[in-house]
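S.K.: Here's the feature list from TrEMBL:
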| type | residues | note |
| --- | --- | --- |
| TRANSMEM | 43-64 | transmembrane segment |
| TRANSMEM | 85-112 | transmembrane segment |
| TRANSMEM | 132-150 | transmembrane segment |
| TRANSMEM | 165-186 | transmembrane segment |
| TRANSMEM | 206-229 | transmembrane segment |
| TRANSMEM | 241-265 | transmembrane segment |
| TRANSMEM | 304-326 | transmembrane segment |
| TRANSMEM | 346-370 | transmembrane segment |
| TRANSMEM | 377-394 | transmembrane segment |
| TRANSMEM | 414-436 | transmembrane segment |
Amino acid sequence: MVKTQFSSRLGFVLTAAGSAVGLGNIWGFPTQAAQHGGGAFLLLYLLLVFALAYPALVAEMAIGRRGHQEPIADLGSLAGKVGKLTGWLGLLAVSAILSFYLIIAGWLLGYMSDALLRLVGVSWPWLTTFSLGRNLILGLLFGLITWWVVQRGLQEGIEKWSKRLMPALLVVLIALACYVLTLPGGSEGLSAYLTPDPQKLLAPNLWLAATGQAFFSLSIGVCVMMVYASYLDKDASLPRLGLQVTLIDSGIAFLAGLLVIPTLYVAKAQGLAILDAHGQLISSDTLVFDLFPRLFATMGSAGLVLSFGFFLLLAVAALTSTLSMLEVPTASLVARTGSSRRVASAWVLGLVLIAMALICWQFGTLFGLVVKVVTQYAQPLLGLVFCVYVGWLWRRDSLLKALAAEDETFAKSWFWRLWPGYVKLVCPLLILLVMVQSIQ
Ligand code: PFF
């Protein structure tokens, strides 16, 4: 069977960036930046992204393109039985992420439709009120949209929709940020975001939070980038494509900061409380699903348009990410059982929806737990294992070829001088350090 491939390198970049750009960029990054000293967090985050997450991303991509199959086989061919087990764990982790991500994505659909209905004078509070029924139904709906695109295939489904949605996302993001910056309080927010407060960099959990954020944001450690890279031709330069994906991902996170932090200060200028009883910035979920809707409600129909645009932006970002998450187990199932994409993706979605229903049912205990276990532990740990496989099991000369076959000057580049040592020693050690610190 001929291996599926992206129709172009741009297709790969936009699809992989689509996976990377998600709630982590538009919600997670700005709220963390706001909490941890604005510009200082931005600088630290960029440092960690390029020094730690980007090398790990290239390692994961290299495994995928080398194996050219699905993650379990790709990792098995590199590291035997243990490798296969890592592949299964990656599949499990990505399915777990999908199961909680769908719940939030469903809420986004709810808030988006609410704004749209209010624009035509209809009010349906069910859409924006926390309930088991709403969480299940809207999560299911988002899951079905994701399935519909994935079952159409790589080029006709995931790649085509990522290519359409990513530019749209950028346009909506820039338009919203420009508008918010003109409102009272907007420029105060801008300077709060861009002025670094280096004192805050010393906060104990900051580095951990920023590392977790960087790994989550680049979708590292759960085989997404491995599967996408397995759809690349042998000549594509992985360091270059990986860099483009990383630049888009951090660029969008930066722009999202220009929207979310000024909006926060607009809310403050309107007299809304942005700090909790302990003087801390209110938590990120309260910010998006409580404070912002209350702010938009003070702005009449402009607020409804703003609200619709804001939740649409988040929903689009979430969709290009859920596509990638469903694709990973689907690719494995198709390759291992020979079933069709349509059937395989339906099975995967069915199982994920059962997990999602369980989380919805025991929301108070399970939601935070699953998010924490997967994003703070599983993702960095699997990322570490991928780096160890690439750094220690792969011969240097074949690794060189595997990274940039087309590019003869590559062996003299700064990237090749630094990267092998990085994935062999620096990345695993740093990840370990951050994790040990978090366990303590
Ligand atoms: N990178 C996505 C975000 O920033 O929201 C989240 C994500 C997507 C994580 C895909 C893991 C994944 F496999």
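Heads up, the Cβ atoms here are built off N, Cα and C, so glycines get one too.
How buried are the listed features, and what sits near them?
M.R.: Sequence-distant contacts of the transmembrane segment (85-112) (same chain, six or more residues past either end, CB-CB distance under 8 Å): 22-23, 70-76, 79, 127-128, 134-135, 137-143, 146, 221-224, 226, 289, 293, 307-308, 311-312, 314-315, 318-319, 321-322, 325-326, 328-329, 332, 348, 351-353, 355-356, 359-360, 367, 370-371, 373-375, 378-379, 382, 385-386, 389.
Using a Cβ-Cβ cut-off under 8 Å and counting only residues 6 or more beyond its ends in the same chain, the transmembrane segment (165-186) has close neighbours at 14, 17-18, 21, 26, 252, 255-256, 258-259, 262-263, 265-270, 306, 309-310, 312-313, 316-317, 319-320.
Beyond the transmembrane segment (241-265), the same-chain residues lying 6 or more positions past its ends with a Cβ under 8 Å from any Cβ of the stretch are 9, 12-13, 16-17, 20-21, 24-27, 29-31, 33-34, 38, 42, 45-46, 49-50, 53-54, 57-58, 61, 169-170, 173-174, 176-177, 180-181, 183, 185-190, 192-193, 217-218, 232, 274, 281, 287, 291-292, 295, 310.
Only residues 6 or more beyond the boundaries of the transmembrane segment (304-326), in the same chain, are considered here, and those with a CB under 8 A from a CB of the stretch are 15-16, 18-23, 25-27, 94-95, 97-98, 101-102, 104-105, 108-109, 111-112, 114-116, 118-119, 142-143, 145-147, 149-150, 157-158, 161-162, 165-166, 168-169, 172-173, 175-176, 179-180, 219, 222, 224, 227-228, 259, 288, 292-293, 296, 345, 348-349, 352.
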S.K.: Take the C-beta pairs under 8 A between the transmembrane segment (377-394) and each of 43-64, 132-150, 206-229, 346-370, 414-436. Which stretch has the highest count?
M.R.: 414-436
S.K.: Ranking 132-150, 206-229, 346-370 by the number of C-beta pairs under 8 Å to the transmembrane segment (43-64), which range is first?
M.R.: 206-229
S.K.: Short question: which residues 6 or more past the ends of the transmembrane segment (346-370) have a Cβ under 8 Å from it?
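M.R.: Long-range Cβ neighbours of the transmembrane segment (346-370): 95-96, 98-100, 102-103, 132, 135-136, 139-140, 143-144, 146-147, 151, 326, 329-330, 333, 339.
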